[in-house]
Amino acid sequence: MLATALTPHLFPLHKTTKFFHHHRRRRPEEYPFRADVVRSSSSVQETKKPPPVSSDERRELSTSWESIGLPPVKAAKRVVLVRHGQSTWNAEGRIQGSSDFSVLTLKGESQAETSRQMLLDDSFDVCFSSPLIRSKRTAEIIWDSRKEDIITDSNLREIDLYSFQGLLKNEGKAKYGAAYRQWQIDAPNFNIDGHFPVRELWTRARSCWTKILTHESRSILVVAHNAVNQALVATAMGLGTEYFRVLLQSNCGVSVLDFTPKPDGATPDICLNRLNQTPSPPIAAGSSAGRKTSMRIILVSHGTTQNDAEQGGIPLSGDSPMNMLGVIQAQKTAELLLDVKVGSIASSNAIASVETANAISRVQEAADCLGADCVPRYVEMKQMADLGVESILRQTTNDSTSFQPLQSGWLKGYKDEITTTLWDQSGVAWKCLLDELSKGSEAENVVVGVGHPALHIAMMGHCLNLTKEWLGSFHLDAGSISVVDFPDGPSGRGVIRCINYTAHLGRWSIPITRSTLDDEEF
């Protein structure tokens, strides 16, 4: 039983600002584009081929996604990405690709309705949608009675998987053998029917941003699919095809990107405000990118502190107890984790982190005492100095008025030597958590790391093999959780299940309608 009932209309999406410009990744191999007829298994009819492409689209698909620049923006824009609800082929375990035979299940309709209530108070200016039935129906439910028409764009369709489309997953494995194996373990280089589907998708997604960002609207809803939403997030941030299946998109999961204009009209600054905030909690055991996983690190940002308002705007840089809001946030997080069997909790020595860790531990130890047979659950608690970064942040000599508390991109307000120290320290901290994860049994281990949002932002950068220039590319709110799965164990690559999940905080979280930017800027 879930400990916390999620209130559908409380779905906070925090406003954000800028981030560091980062270097582009290595160019993928160029490839030709061809439109082939796609056939499925004997249990379904021949699936539709991908929509015909124009000559301009054909030229785009024959070049690297990195050669397609993001257009400048004249005003700050927020783009909210939503994946469609569960479809009939999702439920069957059938490979959909860009075919258009599946529809939403009753569960999918319910998920879309929950997303509608979550986003009810947001004043979107426009909605873009994939033309495929499962996505368009989700968009219609969320868009509800808004007067503006939904704009469909064929480039928002799901990844084109050609001969794979319509097959049950076990049929694909049996029929295509090595090709199916490559699709599972080396998707960027997967080739079928003369196509590289993931490379084509990245180019198509990057080109979508031109239409989205040049639209006059400033608050934009985009409803599409799993793979294409992954590609939209990645290509906006400059991440290559190697990040396919690393940034999860669950059914009706919401991801938020903020684009901030630059004075010189260059490519806008981009910040991932949150990733994959789902209608249901993200902590249930299950699969990660289609693979079973029971090894997980949950990063918990400690709650707000008593001196947050007294720091001259420097975000959470002091070492003080949590205020009443922070205490509530810690308790809500502890309740969210009630159904997770946590192996160990590691926190920094900062007072707020220790208080948050203790709140989680108390609930964990009482979790098995709710029935007649009370057997307290043992949770190992550790305080690690390597997880503390408050002293590093206090070294700044910058004018404190240049900081906005927990506003995305605020880490760029620090001098280079401080961000370098923060980055190096977070690398040590991330290794500590991976070592802690390695100590558990192979069957299951969940490690909770409690600390400062800046530490967790930097550790996610290490998880994704980025550099310190990306510190302003992510956002975390106080009391948020971020989840990293390890389907290949601690030595394997981490898969980001969610970033900045805050739905569990309910009314005590920051709503999407609350702007943290000056009205003149947003």
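Numbering starts at 1 and runs along the chain as it is shown here.
Yeah, the Cβs are placed from backbone N, Cα and C, and that goes for glycine too.
Among the features that TrEMBL reports, active site, tele-phosphohistidine intermediate is placed at His84. Taking Cβ-Cβ distances under 8 Å and a sequence separation of 6 or more, the neighbours of His84 (active site, tele-phosphohistidine intermediate) in its chain are Leu104, Gly108, Ala112, Ser130, Arg134, Ser135, Arg137, Thr138, Val223, Ala224, His225, Asn251, Cys252.
According to TrEMBL, the active site, proton donor/acceptor annotation covers Glu158. Around the Cβ of Glu158 (active site, proton donor/acceptor), a 10 Å sphere holds 25 further Cβ atoms from the protein chains shown.
The local packing around Arg83 (substrate binding site), expressed as other Cβ atoms within 10 Å of its Cβ over all shown chains, amounts to 29. If you look up TrEMBL, you'll see Arg83, His84, Gly85, Gln86, Ser87, Thr88, Trp89, Asn90, Arg134, Lys169 marked as substrate binding site.
Look at TrEMBL and you will find 37-61 tagged as region 'Disordered'.
You'll find the Cα of Arg83 (substrate binding site) roughly 10 Å from the Cα of Glu158 (active site, proton donor/acceptor). In this structure, of the binding-site residues Gly85, Ser87, Trp89, Arg134, the smallest number of CB atoms within 10 A of the CB marks Trp89. When the Cα atoms are compared, Gly85 (substrate binding site) and Glu158 (active site, proton donor/acceptor) turn out to be 14 Å apart. Taking every pair among Arg83, His84, Gly85, Gln86, Ser87, Thr88, Trp89, Asn90, Arg134, Lys169, the residues recorded as binding substrate, the greatest CA to CA distance is 21 Å.
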